[in-house]
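Asks: Below: one structure in structure tokens.
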């Protein structure tokens, strides 16, 4: 592959038409070094200004050498260079999350509107095969995208249509860990695909074609249903079950961090098909709100006091949570306060999926309790949960206290006192 071939493709796709400040993710391997040299050579022709971002994972003896080389190269070529060092227990996922968080922060702080990575066609084939192996649903078989939203801008992969063997063998650092079998992707790259390619030399090409066709299928479906207000319950339920299935899949693409499993997806679909009212936690700080007319998935904002985090109340101390002041003292006055153990801290938090409270000889899920008490759906997320030793002691909601039942008062040596700051 000549760089001129890539240049022609990049210009045809207009990858950088709306971008000037470009951040390049460079590991030091042959792929990213080719990307760096390509964009460095053609930055004037592409009318862009480039910078380099590198993460030192500290996993190999030559990691520091790579960082120093890239730093010096960037300095000699008058290119901004940003680096970060991964700390903590290493895993592929943790390292990836660290890298992309670092890239997002650099983009935001220094005004870069595009992150460029060196993923190529072999990476695409490996990704599709990996997802097939893991039993991923159809929409995940669309594979890696050439362009996607990322941070405050876009993530662009200009090499994605080109194979690794087409890249020039320029100076680079070899990563010995890519040859090991510790990671599934390495086993796919080094063993599974080579063996299967002996049966069909065009296997990688077919995997990529399947990914492209799957992507076209979803695009066609989106185009055909784009005029539907799918959050309108009447419109959603008027569709066939097959269309409902893919409408919901398309809707969930708006929430990439939600990551629902197949079982969770099926349950979500069942709720939309059968429930008139629903308001409950899904996962990863997302909630589903539904009434007879509309539904929506919403994310809890970190700035919202209503959803403040967990607090620990130690014996002999006091904390503020929401509109209440909680104090944990010795049970000297048996007529006041709520009896609790004095040898376990008290946890004050918001509701979690599956929460239960003991009511005598049985336990009841909070969701069922709220239904039985006819508490409106929109109020249920206001509940404050107080627990001790993994048991819910009480629930505070809308000025009403729901106490557990069936515990032995005589073994409770402490008292929990609650004061409403608004009274």
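Placement of Cβ uses the backbone N, Cα and C atoms for every residue, glycine included.
According to Swiss-Prot:
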type: BINDING; residues: 27, 28, 29, 30, 31, 32; note: ATP binding site
Asks: Ranking the binding-site residues 28, 29 by other Cβ atoms within 10 Å, which is at the bottom?
Replies: 29
Asks: So if I measure Cβ to Cβ from residue 31 (ATP binding site) and keep only same-chain residues at least 6 apart in sequence, which ones fall under 8 Å?
Replies: 118, 119, 120, 159, 164, 167
Asks: Identify, in sequence order, the residues in the chain of residue 27 (ATP binding site) that are 6 or more apart from it along the sequence and have a CB within less than 8 Å of its CB; answer 'none' if there are none.
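Replies: In sequence order, the residues whose Cβ lies under 8 Å from that of residue 27 (ATP binding site) (at least 6 apart) are 54, 55, 66, 175.
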Asks: Which of the listed binding-site residues (30, 32) has the least company, meaning the fewest other Cβ atoms within 10 Å of its Cβ?
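Replies: Result for the binding-site residues 30, 32: minimum number of other Cβ atoms within 10 Å at 30.
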